[in-house]
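Visitor: Structure below; questions to follow.
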């Protein structure tokens, strides 16, 4: 079984994590490293994917500045989303040819990993036809957003954001993923208490390893 190298980055600015992803993706493309997984949190940040509409950012620049919320135009797929402490972010740097060479299948694998994590907490995670991510309560509320990019050399960047215990009011600043008729939720809200982020991270690592047939190994990141 191939190794999955896992790096914990703690809380890190979106742009700084993006720089790290690009460097690791270049190394993965050249075969200098194997499949890699970054786990982290972001400070309050709104990101716009390549399908995002600017008017789906509902707050004014002045309001966002007053609340300390950064806004970043990203090169990931998808629309507008919100990041904040208490949200577990996972960025896989994978050579897709080793996982079926199909972006849709890869995204379904990320969804499956999260669905299995939720099952461990007694929650039923679901897919919604025509939408990306993981949902609960029969598709009424989104608990995990997914947006990825595939490079010309077939290496993935960006990934998933699982709401463990973020301040959900931040999602009121946007139209999350361009969807107006469904809400956003978290593990803390659904369970009535927040599991430790480190515990959720360990479970997510294990499930990504199982779904993608990789053996996780946690290492410090040397850049």
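Placed from the backbone N, Cα and C atoms, the Cβ positions cover glycine too.
Quick paste of what Swiss-Prot says about this protein:
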type	residues	note
DOMAIN	31-216	domain 'BPL/LPL catalytic'
BINDING	76, 77, 78, 79, 80, 81, 82, 83, 145, 146, 147, 159, 160, 161	substrate binding site
SITE	142	site 'Lowers pKa of active site Cys'
ACT_SITE	177	active site, acyl-thioester intermediate
Visitor: Count the other Cβ atoms sitting within 10 Å of the Cβ of residue 82 (substrate binding site), across every protein chain shown.
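Guide: The answer is 27 other Cβ atoms.
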Visitor: Have a look at the recorded positions 76, 82, 160, 177 and say which one has the shortest Cα distance to residue 142 (site 'Lowers pKa of active site Cys').
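Guide: Nearest in space to residue 142 (site 'Lowers pKa of active site Cys'), counting only the recorded positions, is 177.
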Visitor: Sequence gap of 6 or more, C-beta under 8 Å: which same-chain residues meet both conditions with respect to residue 80 (substrate binding site)?
Guide: 46, 47, 48, 49, 52, 53, 56, 57, 174, 175, 176, 177, 178
Visitor: Which chain-mates of residue 160 (substrate binding site) that are at least 6 residues away have a CB under 8 A from its CB, listed by sequence?
Guide: 89, 90, 110, 114, 144, 145, 146
Visitor: Run through the Cβ atoms and count how many others sit within 10 Å of the one on the residue listed as 'active site, acyl-thioester intermediate'.
Guide: 25
Visitor: Which site among 78, 147 has the most other CB atoms no more than 10 Å from its CB, taking these as binding-site residues?
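Guide: Selected residue: 147.
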Visitor: What is the pLDDT of the domain 'BPL/LPL catalytic' (31-216) when averaged and given as a whole number?
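Guide: The answer is 96, the mean pLDDT of the model over that range.
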